[in-house]
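Listed features, source Swiss-Prot:
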type	residues	note
DISULFID	CYS3-CYS15	disulfide bond
DISULFID	CYS18-CYS31	disulfide bond
DISULFID	CYS21-CYS41	disulfide bond
DISULFID	CYS44-CYS58	disulfide bond
DISULFID	CYS61-CYS75	disulfide bond
DISULFID	CYS64-CYS83	disulfide bond
DISULFID	CYS86-CYS104	disulfide bond
DISULFID	CYS107-CYS118	disulfide bond
CARBOHYD	ASN74	N-linked glycosylation site
CARBOHYD	ASN77	N-linked glycosylation site
REPEAT	2-41	repeat 'TNFR-Cys 1'
REPEAT	43-83	repeat 'TNFR-Cys 2'
REPEAT	85-118	repeat 'TNFR-Cys 3'
TOPO_DOM	1-138	topological domain 'Extracellular'
TOPO_DOM	160-297	topological domain 'Cytoplasmic'
TRANSMEM	139-159	transmembrane segment
Amino acid sequence: MDCQENEYRDQWGRCVTCQQCGPGQELSKDCGYGEGGDAHCIVCPPRKYKSTWGHHRCQTCITCAVINRVQKANCTNTSNAICGDCLPRFYRKTRIGGLQDQECIPCTKQTPSSEVQCTFQLSLVKVDAHTVPPREATLVALVGSLLVVFALAFLGLFFLYCKQIFNRHCQCRDSLQYEAEKTVEEDSLFPVPPGQETSPEFPANEGILEIKPLNSILDDDCSSTRGFPTQESFTMASCASESHSQWVHTPIECTELDLQKFSSSIPSTGPETLRENTAEHSGDRLELYVPFEVPSL
């Protein structure tokens, strides 16, 4: 003979009713259909409860947050959790018989106007939308402000760079113009004769000097400038002309001051020989041929 769902078979083969456990307790193992004769009562595990006597198992407590409702009482081993009203922006549907669902659903635009809780929440949302600016608009305004600041900074740096280059260019142009004007002024004050543009180096040779008396200096061309500096005063040979191809003995008219300057420029070391080759007197002019050594330039 088979045992019922609440019976177990004892050692003599008879069907015996399973042990009953009180509230907050359950059997340690399933009992029924001839099995579970050694089961005993234990306390319900956490998050489970049992409110009546019986051999059945403890039931799982309800979670109010899962069904979008406010929890009013916690779950115990003898009682289930108690849930209250729906959370904000949620409502419970009403069935045809007047009963309401246990679970609350979100409010939408299609929610009937009879649901007072959804009507109140939608009005609050509209007021918030008018008072609080959207996050996207704030982000766009911030990005736009940063772009404007970066653009102004870039334009300022570019302007300073261009101004620096322009000032440098103007300074270079003024310097070149000043150098050119200075060169033109020097050329106008000290013109270079065509035959004296280059001055090659000369070896030690014999020079020819021509000395004039002081009474004829007034009519001389070398002293006709009345103290103004001439090109001859800047030459190392002191009135001696420079030859293009070779040293040529040519009479040159010089003053006593030129002779003194030339004599002081000759080095004192070494023997100096003065030999009078020819002395010619032609009127008031005396020509002397004097051998001398010219220092290399």
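Residue positions begin at 1 at the first shown residue.
Using N, Cα and C of the backbone, Cβ positions are placed for all residues, glycine too.
With CYS3 (disulfide bond) as the anchor, the candidate disulfide-bonded residues are CYS18, CYS44, CYS64, CYS83, CYS118, and the one with the nearest CA is CYS18.
The disulfide-bonded residues CYS3, CYS15, CYS21, CYS64, CYS118 differ in how many other CB atoms lie within 10 Å of their CB, and the one with the most is CYS21. Below 8 angstroms of C-beta separation, residues 67-70 of the same chain, each at least six residues beyond the ends of the repeat 'TNFR-Cys 3' (85-118), sit close to that stretch. Only ASN74, of the recorded positions CYS31, CYS41, ASN74, have a C-alpha within 10 angstroms of the C-alpha of CYS83 (disulfide bond). Mean pLDDT across the topological domain 'Extracellular' (1-138) comes to 82 in this model.
Around CYS86 (disulfide bond), a 10 Å sphere centred on its CB holds 22 further CB atoms from the protein chains shown.
Separation of the C-alpha atoms of CYS64 (disulfide bond) and CYS58 (disulfide bond): 19 Å, rounded to the nearest whole number.
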